[in-house]
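Here's the structure we're looking at; comments come further down.
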Amino acid sequence: MRSSRKALNMIKYLILMLTFMCVVIEIIQIVVGAVLHRLFATYTVFIDNDFVRATHFLIAVGIVLVFLSIFGFAGIIFENVIMIFLYAGMFGLMVILEIILASAAFSMYTRVDSMLTRRMSIVIQQFFSDSFMRASFNHMQNEMNCCGIQSYADWANFHPERDLPNSCCRRVDDGCMPHERGCHAPMSDFIGSRTHMIATGTVIIIVFQVICIVTAIIMGARLSKYKQQLRAAGMSPGPVTAPEPIMTEKPKY
């Protein structure tokens with residue numbers, strides 16, 4: 001009986017540590033999702049809605065998992081078998097959702113180049129007719145130190161009668177000296193690296209969460225068996241067994 005309790009305590013402390021680490025990881029996931037959402041929102045005209053929704057999903061799943069981890073933490077501390085199995089089951093459902101998110105992120109990563117080519121062409125066509133498109137393209141060219149889509153020659157193709165916008169110019173002292181590189185390559189690196197971060201980061205989190213689920217199931221099964229043994233022996237199945245008395249008689253002086 002004592003060996004069973006000792007083994008159960010080892011599993012208990014292990015899963016408490018893993019659950020605490022899981023809470024920390026989920027908080028990091030929420031922060032990363034918020035930062036990526038802010039970055040994607042800056043270039044919203046150049047990316048599809050799926051990319052922004054992925055950050056929303058990342059934040060929402062992180063918030064749910066934080067509360068779920070706290071629920072599991074309480075179940076483990078109080079050694080409640082039902083709470084532990086509910087924790088493992090609900091965690092499993094959230095892992096399935098995160099697998100879907102990771103798959104979607106990898107899919108989005110493969111179409112970043114084609115998406116940017118399509119969206120940039122639309123924005124540059126409407127540059128002089130739409131103030132929002134103009135502000136977005138100017139912001140991108142200033143931040144990325146670039147000009148046009150593939151090169152500054154794109155402005156002559158889309159707007160042959162217009163001069164280059166000032167955001168294209170490295171110097172404007174003696175006429176506009178445009179940036180040599182286009183905006184497609186730096187934007188592809190910018191969006192692609194962050195989309196890949198969502199995909200790979202989610203996979204790493206999933207692996208860690210599967211470990212938490214497995215240890216929770218093991219603890220639930222061991223705890224259930226241990227409580228059955230206590231009931232069979234006529235003892236209380238509480239979370240902490242009473243220690244043996246050190247002395248059976250009151251000392252006499």
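Every residue, even glycine, has its Cβ placed from backbone N, Cα and C.
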In TrEMBL, C146 is disulphide-linked to which residue out of C169, C176, C183?
C183
As a test of the contact definition, list every same-chain residue at least 6 positions from C169 (disulfide bond) whose Cβ is closer than 8 Å to its Cβ.
C147, C176, M177, P178, H179
